[in-house]
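Report on one structure; see the data block that follows.
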Protein chains: 4
Amino acid sequence: MCAFPAQPPAHPFDDDKLKEECGVFGVIGVADAANFVALGMHALQHRGQEAGGIVTHDPETGFNSARRFGYVRDTFTKADVMATLPGSIGIGHVRYSTAGSKGNTAIRDVQPFFGEFAMGGCAVAHNGNITNAAALRRELIERGSIFQSSSDSECIIHLMARSIQRNIPERMKDALRRVEGAFSIVAMTRTKLIGVRDALGVRPLVLGRLGESGGWCLSSETCGLDIIGAEFIREIEPGEMVVIDAKGVESFHPFDRRPSRFCIFEHVYFSRPDSILGGRSVYETRRAIGVELAREAPVEADLVCPVPDSGTPAAIGYAAESGIPYGMGIIRNQYMGRTFIEPTEQIRNMGVRLKLNVNRALVRGKRVILVDDSVVRGTTSRKIKDMILDAGAAEVHFRIASPPTAWPCFYGVDTPERSKLLAATMSEEEMRVWIGIDSLKFISLDGLYRAVGEAGGRDPRNPRYCDACFSGEYPVAPSDMIEKGFEMKAAE
Amino acid sequence: MCAFPAQPPAHPFDDDKLKEECGVFGVIGVADAANFVALGMHALQHRGQEAGGIVTHDPETGFNSARRFGYVRDTFTKADVMATLPGSIGIGHVRYSTAGSKGNTAIRDVQPFFGEFAMGGCAVAHNGNITNAAALRRELIERGSIFQSSSDSECIIHLMARSIQRNIPERMKDALRRVEGAFSIVAMTRTKLIGVRDALGVRPLVLGRLGESGGWCLSSETCGLDIIGAEFIREIEPGEMVVIDAKGVESFHPFDRRPSRFCIFEHVYFSRPDSILGGRSVYETRRAIGVELAREAPVEADLVCPVPDSGTPAAIGYAAESGIPYGMGIIRNQYMGRTFIEPTEQIRNMGVRLKLNVNRALVRGKRVILVDDSVVRGTTSRKIKDMILDAGAAEVHFRIASPPTAWPCFYGVDTPERSKLLAATMSEEEMRVWIGIDSLKFISLDGLYRAVGEAGGRDPRNPRYCDACFSGEYPVAPSDMIEKGFEMKAAE
Amino acid sequence: MCAFPAQPPAHPFDDDKLKEECGVFGVIGVADAANFVALGMHALQHRGQEAGGIVTHDPETGFNSARRFGYVRDTFTKADVMATLPGSIGIGHVRYSTAGSKGNTAIRDVQPFFGEFAMGGCAVAHNGNITNAAALRRELIERGSIFQSSSDSECIIHLMARSIQRNIPERMKDALRRVEGAFSIVAMTRTKLIGVRDALGVRPLVLGRLGESGGWCLSSETCGLDIIGAEFIREIEPGEMVVIDAKGVESFHPFDRRPSRFCIFEHVYFSRPDSILGGRSVYETRRAIGVELAREAPVEADLVCPVPDSGTPAAIGYAAESGIPYGMGIIRNQYMGRTFIEPTEQIRNMGVRLKLNVNRALVRGKRVILVDDSVVRGTTSRKIKDMILDAGAAEVHFRIASPPTAWPCFYGVDTPERSKLLAATMSEEEMRVWIGIDSLKFISLDGLYRAVGEAGGRDPRNPRYCDACFSGEYPVAPSDMIEKGFEMKAAE
Amino acid sequence: MCAFPAQPPAHPFDDDKLKEECGVFGVIGVADAANFVALGMHALQHRGQEAGGIVTHDPETGFNSARRFGYVRDTFTKADVMATLPGSIGIGHVRYSTAGSKGNTAIRDVQPFFGEFAMGGCAVAHNGNITNAAALRRELIERGSIFQSSSDSECIIHLMARSIQRNIPERMKDALRRVEGAFSIVAMTRTKLIGVRDALGVRPLVLGRLGESGGWCLSSETCGLDIIGAEFIREIEPGEMVVIDAKGVESFHPFDRRPSRFCIFEHVYFSRPDSILGGRSVYETRRAIGVELAREAPVEADLVCPVPDSGTPAAIGYAAESGIPYGMGIIRNQYMGRTFIEPTEQIRNMGVRLKLNVNRALVRGKRVILVDDSVVRGTTSRKIKDMILDAGAAEVHFRIASPPTAWPCFYGVDTPERSKLLAATMSEEEMRVWIGIDSLKFISLDGLYRAVGEAGGRDPRNPRYCDACFSGEYPVAPSDMIEKGFEMKAAE
């Protein structure tokens, strides 16, 4: 949904990475819920760095909200902002900016969205993407709804406003049955915290408990529980809705049951390495990818280097499996940030120098294996190759911890259009030549499935994960995009 | 000189680390010098995160300056700020805040300092500490000088103002001959860029050349050259002054020659791993420290983990030498920042959780070796131990990449007073018990000297480095501090 | 609608004055419409000082909007803000804050409001008050509308969204036929500028033409035309809607015709003295009020002083008619502003001293007539009396340029609840004693009508103006307020 | 000293007015002195609108200072700023910006200036201008002083730093005996508040007492006393120094006695109308000027209008004496402020329209007398004439409440260079033709002296006031300016 974050990215080449769109967090049953929400959002910051919003409810002041551009650490740490967010229940959302938003209305696109219904207010924070949003929006406007944002997620709240159900959880079920695509939602009423995942369970969502206080929380990832010392209870199941209030947690399954299809890229790149997804440590999975990669694509070399920071666990795994020494050949500047004014006298690759510096003394004269998580456009792979060769490396080999990214994601991840994806137009060998390196190997799709615990690799008739970005097999037809002319992969 | 930076620190436990006070950078002979200076300061940001200043000179507007609190990326990237800094010569300074500055006058303490003399203006940026500053200040005030800051460095410009020499480089020599302590200085006049290191060469300073433009630059570390694509020419020698103008670089040795005593802690922690100090790669030195440590202090274990981020190279070395697997047992939050409002319900170790999270799946049930760069107060060592044990580690062993820090630094590094240094009051075993871990080992002083290339270890009669923080042997008597009651180590 | 503006008020005792809620302005057919709108809003700033908003439309960027707290001069003068508002059509709104808005959502209440309909977008800026807004809002929410603000004016846009008409002007007629109360509206579509006044014409709205460019504009008052050099064409008639586009001005009369009831307080206080209302100069009317007052309520005295600034024209009239010298007995501080921190040692009447100072040399020993525009709570009348007596005046006589304000306004003016109005509970003599002055006289309602040009005074069966705040005769029953328990004046 | 204030000016045509440079204020013996100082500065804001500074002293925190651009109401009302200024003694300064200051160093020019001497610190706030500052600065720099600002006032603190006297008041006497020109100074040490006026007493300075608290204050004008409820005790005498501490007020006369020459323009324009200067009400003096003007320069007309706001008292006097009705023909916008972006389609006289609007209904068809305080460049007189004629006035007559301004001021007032002063190059009749009006009359210098109480007019051998801007007779030779080539009036 968004192309170029105004804020410094988590990964030095984020502009050449797939990007998660959002993280969601909610808490109920604690004093000063907003402070917990801010901490949860901080832990989920890697899922969305452009803006964030918090809604809380307090019996005296009603619903309160604050939406801000920038990092959580710079916005929801200010006493004057937090003082406007009283209450013992609250939800929050971190997000990227909307691509191509024009003018200056973007703050309106920052979630949570809020609606006042006859039976009370409801705030909704959504991670994912609604694939039939354009059609829903047209229909709703024709019937008299007024949209305040350009966000697809706003459809949910308008569908709820028009539901004939008499309470908010029922209205939400009604609304979500009209919605296609991927969603993990955290919502709240005056007294209830609600969590929902779509039937395929594409995006993550977990439930936690704050032991001493008796409070509950929902978070996109377990790292959001860790930061506030909450106990990880379980994942919300695909197709499940939980409604939490003073009496406890109630569970519903409002959608037709289907085999789940969790996003495999959450394991590869999106989630934090210290999170647990589907019972598996993300760090361990990434290390296992490196091990698989060393087995699938060995090469004689002197040094295994991660492309910082996301390539690190796979590089550790590759080094351990291959026996080739591990080292930090590329040093990342801790203070990456906004764009500097480039000196008028041309400096080549300024953008890269601001973020990374090659550890010349280490790589000089060596055959270097660089482990990166993915190749999207390939532009930064070329820049890194230049830097390493300039520093005197003898050979450069790329090992990529994911299969070739050949298809866009329509379930809540920002991907370039298909024609911009290097792997959509080139073979592995063509890519190697284009990047200009000695060898290039991607992990196989089967190898990736093995690394996430499917010992037999991918079952082509019933794959356990959504891997559309690699395979082109979309578990939900992206109807808005098809209407706009997107061509699905021909059935084989 | 400063205790608690307002800005997010580079190291998650910076408040329990020794901190470098400053970085200096200068450039001459390029269009829009300020943009180069900003980039150089950005590369040196780890040396001072609280504030920065730039002075430039342009024939039309004269001397221009801007001083700002905050990161270079957030201040000297703004077009409106940079537009006020025209000229082809400029210097910059990054710094920590002054401890105990009261009121709101601190921006006055941000360097470079500037003085208008009869023969023209001069700006001075100073890294180090003047150990007789209090006495000099008293004398200057008595003679009618008006100080504008609480910074010791301002003495230099007042001494220059009162020199009877007829040009600025000579006045600077005059002034610096009155000064005791450590200094690496970058200064400028309308037409000259000046670099000086004290006779012992305690702080680093390097000379670089911008090939295409014919420009020259000075930087605290080589990483400041790399970022702008400058070629590393050489280090400024201890006791050397270089004066650079359109005709080239002229070299002077205005001080009495003495054996050099470069700060060994620059290798251990202060400098960036991709910098070259004294012809040695900092990364390689740190890795070598890890190797030495594995030899000096082996232990049976399942996992070697760095305490991020500064412990990483030593941990890689320790793992390689010991054969114990290397892994990321502690994950650092990329978005560390300002202080969050802590939820009213008490959360234990909130401060740590904001910055780090244990990779529970990795450490559970394992005997873990944690490699850290130093122990100062020891408070964070305890917190990390708690986190690792909470996550289920079977044993916790600390290996420290420096000897026990038992003495304060008076040469430009912020250290707690001696009584706050854990190693000043406890033996290694007492520290182990106090931290509450299974074993604790520091590298020996000889081991550290070996790692920096002294095969024979430390020569006690003629040590090549300043290691006062470990040995208590101060190469320059800290006269102001002695006047205030500081007790030197008794001669042995 | 709002009680205490955060910004410095136009009148030094605005917190004891009735306050206009809003001003509206629109322009079509000019390059950079937003700059014209900003100027118009600046000229109308006295009608609303808390916040302002501008919407423009440009074929390339679509609808753009900016909403800001603070004065127009401080917000819509910034190049970066104005650059986000391209287009040749635009509307703007200045407003006071909403009383009792809690939390931090108030920016949502800043107009213009915007709705995207199936046939395109529409922005609406509203001056006035909808007296059946609560009932409308309830009904709309029940039918699935989601309100984004706490403003009554938002009803209009939701009613339009649900209209079955096929174009925006028709939808607006539909919507406004459901609305009770007072409104002067400026609205815009992609290509049309729309102006409407309610059937009674309670609030002003005028049409102007920008000669050279062929552009048209709408403004609450003629002073909004003067500032941009537009020619005053005519008032929009009560009950009229004008739709302006490239083809010119089209006029409609969508509401049932009724005798008009323009707000008489616009003449007394709200409008700027250089505006023309109903063909009459506001300045001249206020001067004429002073003349009437001198005839109705003469007194022997030495000096006629205005209470600055709104009492000035009436004081000039009183002095001229009575032959008593006119002088500035009270000097206003030009730099009135935000609240100062009061020194801990008590200073009596600090609030007043910040804004006014008595010209002691002038009033000492004199019998002083103070001319003010109105008495609301009476609190500031007491403070002024204290100041004048402290300065040594021999006698103090108040002459008030409006009848006693005994009833709240429900048509777009912020009035205290009835029990807080001094004149609702006291006779003229009781008020005189309570304030503590030698004499107190209000102009009679007939005298006020004579001053606005009704030679025969007020026709009680068919008054030409809305004078409910004086007479308690409300031309439109305030249905929401009656539902909340407000008691209308008993029919006589 | 400054040309174009960044902040909205007090007078709508301030850019065509002489401008006072500064106001000074100090207080001792009260809790939270800074709050009193801020209020005093607010009352003196008309004397300097560009920036302000406060210094206080508190035994615990020492000297504290804050300097800010902008209005006092916007800066020294903020709790976080005021919290940095503890103490029971404090001084403040309001000022215009320095003309031609380049780069971004101007905050350094904001007073008070501070110096730390061997016997303690001293802060100095200066109203006036030192006419031999350039020579003093050269000498001081040669002797080793480092200037931090481009302000002439900084010389005082450096001269003090080099004095051999042993206490601060004596050092100040020493320093001021070296200084030529005009000065009213408020200074402070840790325990003393000091006030000084130059021997001629060119700029005002008054002493006040805070009854209940026993505190004392010094202020440029009496309006600074009124705002905090202080009693006006007396003026500081020309050539007097007062030193105030816990024991009371001590008076010295350190300079050679000379006949005083108070600035007559303070009566005409600079001071606030509610201030008392030399025992005379400024308002009454201005009204008397109008009376004199009506006698000296009568004309048949229908209306007397002030040019707002400074022409008002003289217009009232003119109307009263002439019997011609007084009216507000020009209405001032209360919200004057920063520069708006001018619409691309040219609007004539935009600058004027933002600030003023003609009351068309009042002036149409009338013969109008406009009373203004002065004519400097004459540019705005032409614009006002245009506005009045555009509105349909039959005749326009200007009456000016000061003699022709033909000479620049060198004693603390910002005047254009002589060639820019209309009266320096034209006769009264030439000016009339150039402005394009029916008649133009300035008050005579004798008439002005009568209005300020000199019944016999000006004594040419011994004039009681400094009237150099009218007469060209400078009571102190402006030595720096003469060195730069300024030509004094030839002796007659």
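From the backbone N, Cα and C atoms, a Cβ is placed for every residue, glycine too.
TrEMBL entries are annotated by machine, without manual review.
TrEMBL names D:ASP372, D:ASP373 for binding Mg(2+). Of D:SER310, D:SER322, D:SER419, D:SER427, the residue it gives for the same site is D:SER310. When D:CYS122, D:CYS155, D:CYS409 are compared with the [4Fe-4S] cluster site residues D:CYS263, D:CYS466, D:CYS469 in TrEMBL, the one appearing in that site is D:CYS409. D:ASP372 (Mg(2+) binding site) sits 17 Å from D:CYS469 ([4Fe-4S] cluster binding site), taking the CA atoms of both as reference points. Straight-line distance linking the Cα atoms of D:CYS409 ([4Fe-4S] cluster binding site) and D:CYS22 (active site, nucleophile), rounded to a whole number, equals 14 Å. Sequence-distant contacts (6 or more apart, same chain, Cβ under 8 Å) of D:ASP373 (Mg(2+) binding site) comprise D:LYS17, D:VAL268, D:TYR269, D:ARG286, D:VAL307, D:SER310, D:GLY311, D:ALA314, D:ILE400, D:ALA401, D:SER402.
D:CYS22 (active site, nucleophile) sits 14 Å from D:CYS263 ([4Fe-4S] cluster binding site), taking the CA atoms of both as reference points. Same-chain residues with CB within 8 A of the center of the D:CYS263, D:CYS409, D:CYS466, D:CYS469 CB atoms, the [4Fe-4S] cluster site residues themselves not counted, are D:VAL202, D:ILE264, D:PHE265, D:TYR411, D:VAL413, D:ASP467, D:ALA468. Each of the binding-site residues D:CYS263, D:CYS409, D:CYS469 was scored by other CB atoms within 10 A of its CB, and the lowest score goes to D:CYS409. Packing around D:CYS22 (active site, nucleophile) is summarised by its Cβ count: 25 other Cβ atoms lie within 10 angstroms of its Cβ, all protein chains included.
The 10 Å shell around the Cβ of D:ASP372 (Mg(2+) binding site) contains 25 further Cβ atoms across the protein chains shown. Mapped onto three states, the DSSP output places D:CYS263 ([4Fe-4S] cluster binding site) in strand. When Cβ atoms from all protein chains are considered, those within 10 Å of D:CYS466 ([4Fe-4S] cluster binding site) total 26, not counting its own. Neighbour density for D:SER310 (Mg(2+) binding site): within 10 A of its CB lie 25 other CB atoms from the protein chains shown. Each residue in the domain 'Glutamine amidotransferase type-2' (D:22-247) has a pLDDT score, and their mean in this model is 92. Secondary structure from DSSP puts D:CYS409 ([4Fe-4S] cluster binding site) in coil.
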